[in-house]
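*Asks:* Supplied in structure tokens, the structure appears directly below.
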Amino acid sequence: MDIQNESRRLLDAEDGDEDLTGLMSEQDAYLSKVKNRNLYLATFVSVLGPMSFGFVLGYSSPAIPELTSISDPRLRLDANQASWFGSIVTVGAAAGGLLGGWMVERFGRKLSLMFCSLPYVFGFTMIIAAQNVWMLYVGRVLTGLASGVTSLVVPLYISEMAHERVRGTLGSCVQLMVVLGIMGAYLGGLYLDWRWLAICCSIPPTLLMVCMCFMPETPRFLLSQGKRREAEEALRFLRGPDAPIEWECARIEDACNEEGSRFQMSDLKDPGVYKPVMIGVMLMIFQQMTGINAIMFYAENIFEQAHFKESDLASVIVGLIQVIFTGVAALIMDRAGRKILLIISGVAMAISTTAFGVYFYLVSKNHPPTLGLLVLDIQSTAGEEPHADLAWLALASMAVFITGFALGWGPIRG
């Protein structure tokens, strides 16, 4: 069908009012015929990946206290092993980020998502069937590998699949599902032991792998491979039967043709290139230096060492606050702007980490650490004033709330 004729047909009102339709742009006329049901379905399926990522981040927090006190000596973790169990996932995530960049270009967005669900499932299966500490490590590395691929592929899949009117809203679902996964792991830890929790954590990636079989590849990738007919079928699935998808297909082709050559190191000489790159890289570096991964991996241990009787419940509260403020940030982001939210969350994180630092300093002076760990009792010890403990708990409680608030407004992707 001729694209000019199609555009002309879009601008004709179905009720014959040509003057009113003439005021609409081609894009508005096109989007007025789009049905988003299948688009929302495909987005929901894809964000099962970030939810799985969140379960990986949050799993170690409730699992480590159990594994450090388990009766089986083959699985019992000492302080160093517990530290590795939480942090080794980042090794896999770093490798997964590099692997994901190659996979999306080689296999496409859909297959990359399906493939990355396999290390999730295999990793949690390895943890479930673990007979020694090294099996636990391997399971964490595999889930970290899948997390690295997921953090790259899912935002790309959604951005290439969604149209302009809902792209920002659907993109914010990625971070929301990450924090929902973290809270889910913390909440599951209240009622399940570490093996059953791993079984529950393997459910979202399993659903991801199965459901992605019925979802389309992104039209942009298909067109970049010269598969126009498949791209039109994908657009027809995503936009509904009434949308004249030839118009959008032509726009995507034009955008692909305008991209030009690949990025080269010589491009960094251009201020329009190296300035945004430097800002983005520094933001990511400072994001990691906030210690977010340490808080997520060892939340329950941190609160246990910070005088909380119900450290598992405190972790759930942090997760809940994260979810709330991530949702709030998604709603006000376009109105308030990205910069102001980054500034607010950065200041809040500075206050919260300072409060935690002061709290642990006061605790260490009055409760010397034993065997490298702070073994604390909520009751005031002999010779101490009770109000001192209450003051420290108030300080820590404030830090809990501010931490959850800041992590909800600031990006926490590992």
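We count from 1, first residue shown onward.
Keep in mind that glycine also has a Cβ here, set from the backbone N, Cα and C atoms.
Annotations in TrEMBL come from automatic prediction, not curation.
The feature domain 'Major facilitator superfamily (MFS) profile' is assigned by TrEMBL to 38-414. Positions annotated as transmembrane segment by TrEMBL: 39-62, 82-104, 111-131, 137-158, 170-188, 194-215, 277-298, 313-333, 340-362, 390-412.
Map the listed features onto the structure and describe their local environment.
*Replies:* Outside the transmembrane segment (39-62) by six or more residues, the chain places 85-86, 89, 113, 116-117, 120, 140, 143-144, 146-147, 150-151, 153-154, 157-158, 161-163, 166, 170, 173-175, 177-186, 188-190, 194, 197-198, 200-201, 204-205, 207-208, 211-212, 215-216, 238-239, 293, 296-301, 312, 315, 319, 413-414 with a CB less than 8 A from a CB of the stretch.
Counting residues 6+ beyond its ends, the transmembrane segment (137-158) has Cβ neighbours under 8 Å at 43, 46-47, 49-50, 52-53, 56-57, 59-60, 84-85, 88-101, 103-104, 109-110, 112-113, 115-120, 122-127, 130, 167, 170-171, 173-174, 198, 205, 218, 413-414 in the same chain.
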*Asks:* State the non-local partners of the transmembrane segment (111-131) in its own chain: residues 6+ outside its ends, Cβ under 8 Å from one of its Cβ atoms.
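*Replies:* Residues 46, 49, 52, 56, 74-75, 92, 96, 100, 103-104, 138-146, 149-150, 153-154, 157, 194-195, 198-199, 201-202, 204-206, 208-209, 212-213, 217.
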*Asks:* So what's the mean pLDDT when you look at the domain 'Major facilitator superfamily (MFS) profile' (38-414)?
*Replies:* 82
